[in-house]
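As written in TrEMBL, here are the features:
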- 21-45: transmembrane segment (TRANSMEM)
- 65-82: transmembrane segment (TRANSMEM)
- 94-111: transmembrane segment (TRANSMEM)
- 117-134: transmembrane segment (TRANSMEM)
- 155-175: transmembrane segment (TRANSMEM)
- 224-244: transmembrane segment (TRANSMEM)
- 250-274: transmembrane segment (TRANSMEM)
- 286-314: transmembrane segment (TRANSMEM)
- 334-354: transmembrane segment (TRANSMEM)
- 398-422: transmembrane segment (TRANSMEM)
- 434-453: transmembrane segment (TRANSMEM)
- 459-479: transmembrane segment (TRANSMEM)
Amino acid sequence: MNQYDEALKKETAFLGQPRGVGTLSFVQLCSSFSNYAMNAIMIYYLYANAPAGLGFDKADAAQLISLYATVVGMTTIIGSYVCDRILGCRRSLLVARVTGFIGYTLLAFPLGVVGYAAAMGCMVFGSLFAGRCIETLIGKFYDENDGRRDSAFTISYVISNIGAAAPALAGVIAAKCGYHAAFALSAVLSFLGTVAYIATYKKFFGNIGLEPDDPLPADKKRSFVVKMLIVVAIVGTVLAVSFATGKLKISSFANVVSTISIFIPLAYLVFIYSSKKTEKHEKKKVLCLLPPFICNAVTLLIWTQTISILAIFYEEKVNRVIFGVEIPAASFQTIPAIFAVCFGSFLTMLWTKLGKKQPFGTTKMGFGTILWGLGAMIIALLYIIYPSDAKVNAWWIVLFYAVLMFAEGFTCPIGYSITAVAAPKAFVTQMMTVWSMSQSVGAALNMILVNFYKEGSEVPFFIGIGAVVAILGAVVLAFSKKLAEGMGMEREA
């Protein structure tokens with residue numbers, strides 16, 4: 001690494017962090033703004049009657065939401081391979097941002113089911129290149145024991161969650177001007193993030209993340225890219241024809257994908273562990289990352305429910321009149337953003353103040369997972385205290401999100417931070433992607449559990465989920481010191 005790159009790493013211009021981290025945080029902000037806006041209204045768009053929506057039934061709409069999250073999570077492993085071995089983080093991220101912008105733009109036009117499918121295809125294709133490039137790039141700005149690392153990931157997390165204010169705007173725009181106008185908002189923000197990244201591409205990053213960590217020979221690069229594009233085209237065509245002719249049902253496809261997606265990240269961890277490129281001391285780190293990975297997967301199961309079955313709950317079962325004003329159901333997705341910024345800022349200051357006295361990252365992970373379990377139990381409590389024909393007070397949903405977002409402050413940014421430490425040098429981006437695939441595992445588990453979500457079964461459904469999640473968190477908390485030591489972590493500085 002040259003002197004210019006070393007100087008970039010030592011910068012403190014952005015809240016005590018390098019300017020490149022500031023750019024990546026802004027890209028995250030725009031990306032999360034676009035994504036939150038889309039996710040907040042997508043399920044309502046899917047089951048709204050034509051011409052306003054696409055007219056799917058609610059069960060299929062909920063499964064489509066989980067299916068998209070699962071497929072995106074699955075394809076990111078390919079993206080990380082492309083990043084680590086072919087393009088490098090910087091180029092991969094650029095391709096992903098441009099492709100994502102095209103997807104959001106397609107949603108902004110009334111193109112029906114075909115337009116929806118094409119937009120989702122662009123999003124998935126973008127994830128083929130994105131992997132977890134942003135998190136990997138952030139990690140590359142810090143040495144292994146740089147005390148700013150946890151704070152950098154938490155700052156990025158807080159800033160990205162400011163973008164989660166989008167559901168309030170998207171919900172209002174969708175109600176007043178239609179869903180496509182709300183999707184246009186996502187397209188505009190995606191465009192701004194892409195432009196900011198291109199504008200600072202060289203000045204703020206130098207050569208950091210420019211080249212692949214473990215590059216393939218040139219001839220193999222071309223061969224892999226050609227084969228990947230052919231496979232994507234064939235799979236896309238087969239699925240499109242199958243759905244169009246009615247030979248493949250959404251529920252059947254969702255069940256197959258969910259089963260596969262649960263095993264893919266575990267299989268990839270085995271591959272990384274057994275690789276000759278993984279040193280002996282790195283193998284232990286990979287093993288110690290597995291329990292936090294499982295915790296993150298089950299917490300993201302609960303999160304996926306907030307944009308699928310619970311999103312329907314907000315529209316049908318919640319009294320949405322607050323201070324005399326009825327708010328759109330999609331606007332509830334803004335509440336977690338407010339709490340995420342507040343709690344994330346508080347925790348950032350707390351970890352900075354505690355310095356080397358702060359808990360291990362694994363301790364934070366275990367505690368946060370327990371809180372996620374308690375959040376699920378709050379939903380069960382609502383079904384216990386409210387009759388089936390009564391509307392739930394909206395402030396309960398506020399409490400639910402307060403618990404979830406406080407929990408997420410202990411799990412989401414910390415998970416990426418400990419993965420940055422545990423990742424073998426030959427698999428840095430791919431390990432980040434394996435970690436991010438806990439989201440696809442969570443979404444897949446939700447797709448499976450949706451089949452058991454019936455009217456009258458809500459209490460045992462949510463209590464069961466909450467109990468399992470809390471128990472897993474307690475186990476990680478109990479063994480947090482051993483797990484941290486196994487990853488070679490000192491107390492966070």
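Including glycine, each Cβ sits where the backbone N, Cα and C put it.
With pairs at least 6 apart in sequence, the transmembrane segment (286-314) and the transmembrane segment (459-479) have 3 or more Cβ pairs within the 8 Å limit; the two touch. Against the transmembrane segment (155-175), stretch 398-422 has more CB pairs under 8 A than any other of 65-82, 94-111, 250-274, 398-422. The largest share of C-beta pairs under 8 angstroms with the transmembrane segment (65-82) comes from 250-274, of the ranges 94-111, 250-274, 286-314.
Contact between the transmembrane segment (250-274) and the transmembrane segment (434-453) holds: at least three of their C-beta pairs are under 8 Å, each pair 6 or more apart in sequence.
Two recorded stretches are said to be in contact when at least 3 C-beta pairs lie under 8 angstroms, sequence spacing 6 or more; the transmembrane segment (434-453) and the transmembrane segment (94-111) fall short of this definition.
Beyond the transmembrane segment (94-111), the same-chain residues lying 6 or more positions past its ends with a Cβ under 8 Å from any Cβ of the stretch are 27, 31, 34, 38, 51, 79, 87, 118-123, 125-127, 129-130, 133, 180-181, 183-184, 186-187, 190-191, 193-194, 197-198, 201. Residues 78, 82, 85-86, 117, 121, 125, 128, 216, 250, 253 of the same chain lie 6+ residues outside the transmembrane segment (224-244) yet bring a C-beta within less than 8 angstroms of a C-beta in it. Below 8 angstroms of C-beta separation, residues 132, 135-136, 139, 142, 144, 149-150, 153-154, 156-157, 285-286, 288-289, 292, 295-296, 299, 302-303, 306, 332, 335-336, 339-340, 343-344, 346-347, 361-362, 364-365, 367-372, 374-375, 378-379, 428, 431-432, 435, 438, 487-489 of the same chain, each at least six residues beyond the ends of the transmembrane segment (398-422), sit close to that stretch.
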